[in-house]
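Pulled from TrEMBL:
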- Asp221: active site, proton donor (ACT_SITE)
- Arg49, Gly50, Ala51, Arg86, Gln180, Asn231, Lys232: substrate binding site (BINDING)
- Cys141: site 'Transition state stabilizer' (SITE)
Amino acid sequence: MNPFESLGLKHDGRTLWVLDQTQLPDAEVWLDGSEPEAMIALIKRLAVRGAPLIGVAAAACLATFARRGASATEYATACAALRAARPTAVNLMWAMDRMKGAGDPVAEAQAMFEEDVRLCEGMAQHGSALIQDGEGLLTHCNTGGLATAGIGTALGVIRRAFEQGKRIHVYADETRPLLQGGRLTAWELKKLGIPSTLVTDSMAALLMRDGRIQRVLLGSDRVAANGDFANKVGTYGVAVQARFHGVPFHPVAPFSTVDLACPNGAAIPIEERDPAEVRGYGALRWAPEGMPTWNPSFDVTPVDLVTSLVLDRGVYSAAELRSGVLRQVCL
Ligand SMILES: CSC[C@@H](O)[C@@H](O)C(=O)COP(=O)(O)O
């Protein structure tokens with residue numbers, strides 16, 4: 001397998017390494033993700049996360065496993081287990097289905113990595129054209145180089161607009177409960193030198209009321225055929241607030257996130273995670289021990305709250321999405 005490298009993943013030709021995203025921003029620790037069991041654990045505990053990245057990482061892991069001499073049965077078992085590591089991001093299932101039927105798993109994983117880089121470029125090209133000079137942008141969760149093999153989905157769009165010289169200011173939601181915005185998006189924005197401010201999730205409506213947000217750009221873990229989409233919990237709330245304040249709202253995703261088998265958002269499976277993530281963070285606990293919690297990791301935003309969806313192949317309005325355009329462009 002040829003060496004490849006992204007912000008959160010690298011393959012040196014023999015071993016697959018992943019950046020442990022749970023330790024960011026304080027430490028940049030690379031872990032060995034070559035073995036399927038190790039990769040499944042890394043995906044489950046969000047050391048490797050972000051819809052496109054988990055698909056690419058799982059594919060690279062399988063390719064490494066095959067190259068080390070896994071039997072057909074071992075390969076098929078690992079493929080099925082990786083496919084089930086997280087339930088909402090369809091990129092993982094899409095990638096594993098491709099790997100299942102791949103004649104040459106090494107070449108297929110390599111192609112998938114390179115394709116994801118190109119898909120990010122497509123989104124950046126189409127999405128950056130929407131952003132006007134001087135805009136304040138709100139984003140939720142982390143959708144940058146850490147979440148993909150390339151420059152990212154929504155954060156890639158934002159980065160491209162910044163590189164085009166547009167004077168933008170990014171507001172990053174901290175994104176409770178696991179703080180992908182506060183830890184990861186903030187880390188990426190600082191690295192890139194993009195003017196930005198971190199806010200708690202509950203501040204977004206106030207920013208919109210005060211006229212500081214001209215556009216919302218965020219990612220998706222699964223887009224249904226009618227344009228409803230799942231993304232990190234809190235996205236639906238941002239969409240409602242954006243509609244109330246007349247702020248354009250754009251999910252950004254590659255075609256590999258579109259699931260034509262889901263007719264609408266009600267069919268998207270939503271991951272529920274450990275209650276401990278709501279009661280505290282890491283070693284810190286603020287809720288009474290045993291306090292009942294609800295911890296859906298994602299929510300579904302109806303297409304009616306979408307201004308337009310930025311795909312790698314173009315920008316599609318809510319009306320186009322409702323009339324089934326995804327069935328034509330995502331074949
Ligand atoms: C390119 S990223 C799109 C989504 O995967 C992202 O917005 C998101 O919700 C990630 O959730 P996570 O639980 O951190 O994997």
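Backbone N, Cα and C define each Cβ position, glycine as well.
All annotation found in TrEMBL is predicted automatically rather than curated by experts.
Where TrEMBL records a feature, it is marked here on the structure.
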{"residue": "Arg49", "record": "substrate binding site", "contacts (Cβ under 8 Å, 6+ apart)": "Gln21, Ile43, Asn142, Leu146, Ala147, Gln180"}
{"residue": "Gly50", "record": "substrate binding site", "contacts (Cβ under 8 Å, 6+ apart)": "Gly8, Asn142, Thr143, Leu146, Ala147, Thr148, Gly219"}
{"residue": "Ala51", "record": "substrate binding site", "contacts (Cβ under 8 Å, 6+ apart)": "Ala89, Val90, Asn91, Leu92, Ala147, Gly219, Ser220, Asp221, Arg222, Ala253, Thr257"}
{"residue": "Arg86", "record": "substrate binding site", "contacts (Cβ under 8 Å, 6+ apart)": "Ile43, Lys44, Ile54, Leu92, Glu271"}
{"residue": "Cys141", "record": "site 'Transition state stabilizer'", "contacts (Cβ under 8 Å, 6+ apart)": "Asp173, Thr175, Gln180, Gly181, Thr185, Leu218, Gly219, Asn231, Lys232, Gly234, Thr235"}
*Considering all pairs of residues in Arg49, Gly50, Ala51, Arg86, Gln180, Asn231, Lys232, annotated in the record as contacting substrate, what is the maximal C-alpha distance expressed in whole angstrom?*
17
_For the substrate site (Arg49, Gly50, Ala51, Arg86, Gln180, Asn231, Lys232), what does the 8 A shell look like? I mean other same-chain residues with CB within 8 A of the CB centroid._
Ile54, Ala89, Cys141, Asn142, Ala147, Gly219, Asp221, Ser297, Phe298
